[in-house]
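Here is what Swiss-Prot says about this protein:
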type: BINDING; residues: His16, Asp167, Ala168, Lys169, Arg233, Phe234, Asp242, Arg248, Lys249, Ala265, Lys269; note: ATP binding site
type: BINDING; residues: Asp18; note: Mg(2+) binding site
type: BINDING; residues: Glu44; note: K(+) binding site
type: BINDING; residues: Glu57, Gln100, Asp242, Lys273; note: L-methionine binding site
type: REGION; residues: 100-110; note: region 'Flexible loop'
Amino acid sequence: MANDYLFTSESVSEGHPDKVADQISDAILDAILAQDKYSRVAAETLCNTGLVVLAGEITTTANVDYIQVARNTIKRIGYDNTDYGIDYRGCAVLVAYDKQSPDIAQGVDRAHDNNLDQGAGDQGLMFGYACEETPELMPLPIHLSHRLVERQANLRRDGRLPWLRPDAKSQVTVRYVDGKPHSIDTVVLSTQHSPDIDLGTLREAVIEEVIKPTLPADLIKGDIKFLVNPTGRFVIGGPQGDCGLTGRKIIVDTYGGAAPHGGGAFSGKDPSKVDRSAAYAGRYVAKNIVAAGLASRCLIQVSYAIGVAQPTSVMVNTFGTGRVSDAVITRLVQEHFDLRPKGIIQMLDLLRPIYEKSAAYGHFGREEPEFTWESTDKALALAEAAGTEPVAALAE
């Protein structure tokens, strides 16, 4: 890769139609896990103008009012007016859940005991990543993209910019020099708005109130290109503007394209699904490796076969930044982390109703108390085993 290059990531707000679907799916998952933590859940959501469809496979003893959970989620996001294209009070909600296939269940239904040989819920490959670009050990472009749409939502909620509406998208382009962030090149922010705000006022307010307070001062060098609502009017948005589906924002959910993705979405899936739990474990492993000072950049790949507990492969790539070899780090991963599905569930305490919060603004790089996969509690042990110095601010 060239020494001087641009890299871009995007994010979307909680009111984006695909994120509405993700949040409904995870709200339903949480409601089920709150009553029956051993449930099998694959909750998919479709949302369109005035309509929500709930489908998938659920096996549980929980008694959940799925329709009310969906309405409550839509209300929390801010779709409380028919002018917005969907209103939590009047939208139709259709429910079409089946039970998990017994052919799948036979390989994963050993979860009620302490048997660590619970098989993976499906085959697949998952990635985890961490780097030193931010204190959260996340790539800078996706981190800033998340913070922009998060701030848009906060300003909408507290009434400082009352003409904002729930749907929004952000995109940040960062200039890298010698592999490190040098400056911010371009910021794109498109936000849904009420029809009575003129474009000039909107653009000035978004730049001054949303964008500039979010950008790190040390990365503002020269003129930044600000593109706010570049097509102009953005009144029709949310599920009215586009049909939303669970699992369509998997790059937004992870590393913004800075690392590979195995293809499996997260939202609506209980932790027996390694699409979710193993990706969380991959982040946990990679973050602890970087926090331990073993490398300044780390990518983990794990893979599984359905019904089999042990990963079929574990790969570590530190892109030449390792203080010890990738082979040594791989051995340390196998010694310090149990990457069997049940081992991951126990290690990260995943059988809890913690997932709705993860369904907007990124599953990674957020220091929420529920997000155990963001802990660096193994950094000191890894550093001691490898003979490196941990990152002081991150090793717990």
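From the backbone N, Cα and C atoms, a Cβ is placed for every residue, glycine too.
Looking at the region 'Flexible loop' (100-110) alone, the prediction's average pLDDT is 60. The shortest Cα-Cα distance from Asp242 (ATP binding site) to any of the binding-site residues (Asp18, Glu44, Glu57, Lys273) is found for Asp18. Look at the Cβ of each of the binding-site residues Arg233, Lys269 and count the other Cβ atoms within 10 Å; the largest number goes with Lys269. Within 10 Å of the C-beta of Lys273 (L-methionine binding site) we count 23 further C-beta atoms, all protein chains included. Under the three-state DSSP scheme, Ala168 (ATP binding site) falls in the strand class. The binding-site residues close to the residue listed as 'Mg(2+) binding site', defined as a CA atom within 10 A of its CA, are Lys249 out of Glu57, Lys249, Lys269.
Within 10 Å of its Cβ, the residue among the binding-site residues His16, Lys249 with the fewest other Cβ atoms is Lys249. If you take the C-beta of Ala168 (ATP binding site) and look for same-chain residues 6 or more apart in sequence within under 8 angstroms, you find Val12, Ser13, Gly15, His16, Val149, Gln152, Ala153, Leu189, Ser190, Thr191, Gln192. Nearest Cα neighbour of Lys249 (ATP binding site) among the listed binding-site residues (Glu44, Glu57, Lys273): Glu44.
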